[in-house]
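Q: Below you will find the structure I want to go over with you.
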Amino acid sequence: MKALLVCEYREGKLLDSTYELLAFADRLGAEKAMFLIGSDSALPACSTTVYLADAAKHGEYNPDVHKKLVLDAAQRENADCIVFVHSSYGWDLAPRVAAALRAGQVSEIVGIVDGGYEVGCCNAKMRRTVVPKSGKAVLTIQAGAFSSSDTPQGTPRVERIDTADGASPMEFVGYEPAEKKDVDLTRAEVIVSAGRGVGKKDNIPTIEALAKALGGELGASRPVVDAGWVDHSHQVGTTGQSVSPKLYVACGISGAIQHLAGMKKSDFVVAINKDKDAPIGEVADVLVVADVMQFVPALTAKLQ
Amino acid sequence: MKILVCVKQVPDMESRFKPDGSGTWFEEADLAFRMNEYDEYAVEQAVQLKEQLGNEPEVTVLSIGPDRVNEAIKKALAMGCDRGAHIQDPAPQGKDPWQIASIITQFAQGEGFDLIFTGMQSQDRGSAQVGVLVAELLGFACATTLVGFAYADGVITAKRELEGGIKGIAKLRLPAVVTCQLGLNIPRYPTLPNIMKAKKKEILAIPVADLLKEEAVASTARFYPPARKGGGIVLEGDVGNLVEQLYGILKEKTTVLR
Ligand SMILES: Cc1cc2nc3c(=O)[nH]c(=O)nc-3n(C[C@@H](O)[C@H](O)[C@H](O)COP(=O)(O)OP(=O)(O)OC[C@H]3O[C@@H](n4cnc5c(N)ncnc54)[C@H](O)[C@@H]3O)c2cc1C
Ligand SMILES: Cc1cc2nc3c(=O)[nH]c(=O)nc-3n(C[C@H](O)[C@H](O)[C@H](O)COP(=O)(O)OP(=O)(O)OC[C@H]3O[C@@H](n4cnc5c(N)ncnc54)[C@H](O)[C@@H]3O)c2cc1C
């Protein structure tokens, strides 16, 4: 089996997720080649072939053209599978490549199991084994699911690729930097986070009171922020802040992967959830099965 | 302008899931279904665009699935879509994203849509494929993961959400497909008068066999709960006791209680 691994490059830098692709291919036991639309000054440390196209010419986000370049490399390499990270770059580009090849795509792979790929479903509460039925397959791997302890090393053999066909109905305008945070959760020793399970905006002060009683800060899951109950500067997760407090208390948070990515490095995790099966239980040191609005005020009272 | 919104009906994620007899999907019997959360943002954005353009555009909402998906279609109609299209499929779960996308494409080809809204992913499956595949099959421009949408003179300015709070801005010419991320807007609640009005709106019923021309390119071999790795403690019972137990654990295992 031959795998073409599609690296990511943003704002002039090769992203580290590149090495997760290598770790995945090793787990798969596949022969590897890499693909990068980037520059000579930011090549991955590896000893495989890298098909390199110039980001200065083809842009960092230009999916119609990137698709053509990936297809070109996949054909030259005669790759059996084309692998992306399941990221804003990967989930955007992968289906375009799959459609062109009429190939089956398996999204957000978390494991390799006998005869197929393991993916999460139902908000990470369940798993599925998915089997591509096409000759070639397009795969995206969950960010953080595959890693290697080896330090990446080696010098790749560069194969240049290019296309004269730059036609696209889309024009990339540029990046907008992340908002400045007025709350720095990364320094907090204790974070008490509110999730959708707190029910309504009026209940947020109850969660805040527990945070205060523990000498910590208020955190939040994304729906709570999207609904305007809490400011975005409090959001924990892939599109918020990554935190590692001594104590993280998740109140009415289900434990979606994008939330876990931001808090799983916490020293001690307490989850309060009425659902015993909530995936937050996977990372919680203590799962308290209770109604959050009954339990939290009682705990706050005990602490005061 | 003609607009299409695709909505999927998914089980409430707070449900308890168990594999069905085939072992490849969940047992549907005890589940409550609702509109995929991401698709609520898609519906809202379509309706906002219609309003922006003086109600000129016609917005069609499409859902593939058994009869129960009419509930999701009706909700979208009550939010302001003009007509529904129910692609009747007693077993949509057996189809892969490629087939779902090809069904939507077949329907869209006859209709001449200028703009298609989908969710960025479904809550139950989360492949994040259908919208992009539809765009590719129709040859439309496409941007995914929108947290900002603006339209003027045939051009969409899309704000894409990237990792770590960074956004990417792109301009797309119509015809286009955009996939909507959480937080794109604030989806409205259907009001009672609008729910009543929606009852009079047309819902086309089309058997899936009329539109399905493609074989599956992926299949689900098995559906199962994850192996529990966590050695975490689970506390259940009376709230007063729970508080005492947790307090004890925090005292023993952490240094945060002073
Ligand atoms: C027994 C069983 C077997 C299954 N086998 C497979 C399988 O072999 N391979 C496989 O890939 N999947 C399988 N599925 C799940 C399958 O039906 C998916 O729901 C479907 O392929 C769409 O994928 P998705 O939900 O991940 O779409 P995504 O790409 O995550 O959805 C994105 C967007 O597409 C639109 N959309 C998606 N579905 C619909 C719909 N039904 N109607 C209208 N709009 C929609 C919505 O706007 C949604 O927000 C199986 C399910 C069951 C029950
Ligand atoms: C690209 C992308 C990026 C994302 N980035 C982030 C991110 O940075 N951060 C983030 O948090 N999410 C992010 N998300 C969203 C994420 O997928 C989930 O939708 C989100 O984390 C769910 O938030 P929640 O747990 O608060 O809500 P839900 O999933 O709705 O969970 C609510 C929980 O509360 C429990 N509950 C309900 N009522 C009660 C009660 N009375 N008492 C106790 N428990 C109760 C329920 O059992 C449930 O487990 C992102 C998604 C995508 C696609």
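Using the three backbone atoms N, Cα and C, a Cβ is placed for every residue, glycine included.
Not my notes, these are from TrEMBL:
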BINDING   A:Arg196, A:221-222, A:235-239, A:252-259, A:Asn273  FAD binding site
DOMAIN    A:3-176  domain 'Electron transfer flavoprotein alpha/beta-subunit N-terminal'
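Help me picture where these features are in the structure shown.
A: Using a 10 Å Cβ-Cβ cutoff, A:Gln235 (FAD binding site) registers 26 neighbours.
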Q: Among the binding-site residues A:Arg196, A:Gln235, A:Thr238, A:Ile253, A:Ala256, A:His259, state which ones have a Cβ less than 8 Å from a Cβ of chain B, giving them in sequence order; state 'none' otherwise.
A: A:Thr238
Q: Which residues in the same chain, at least 6 apart in sequence, have a Cβ under 8 Å from the Cβ of A:His259 (FAD binding site)?
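A: Correct list: A:Gly195, A:Ser221, A:Arg222, A:Val236, A:Gly237, A:Ile253.
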Q: Should A:His259 (FAD binding site) be counted as helix, strand, or coil on the basis of DSSP?
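A: It is helical.
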Q: Neighbour count, 10 Å Cβ-Cβ cut-off, for A:Ala256 (FAD binding site): what number do you get?
A: 24
Q: State the three-class DSSP label for A:Thr238 (FAD binding site), counting H, G and I as helix, E and B as strand, and everything else as coil.
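A: Its secondary structure by DSSP: coil.
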Q: What mean pLDDT does the predicted model reach across the domain 'Electron transfer flavoprotein alpha/beta-subunit N-terminal' (A:3-176)?
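A: When the pLDDT values over the domain 'Electron transfer flavoprotein alpha/beta-subunit N-terminal' (A:3-176) are averaged, the result is 94.
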Q: Using a Cβ cut-off of under 6 Å to any atom of ligand 1, determine which of the binding-site residues A:Arg196, A:Gln235, A:Ile253, A:Ala256, A:His259 qualify.
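A: Not one meets the Cβ criterion.
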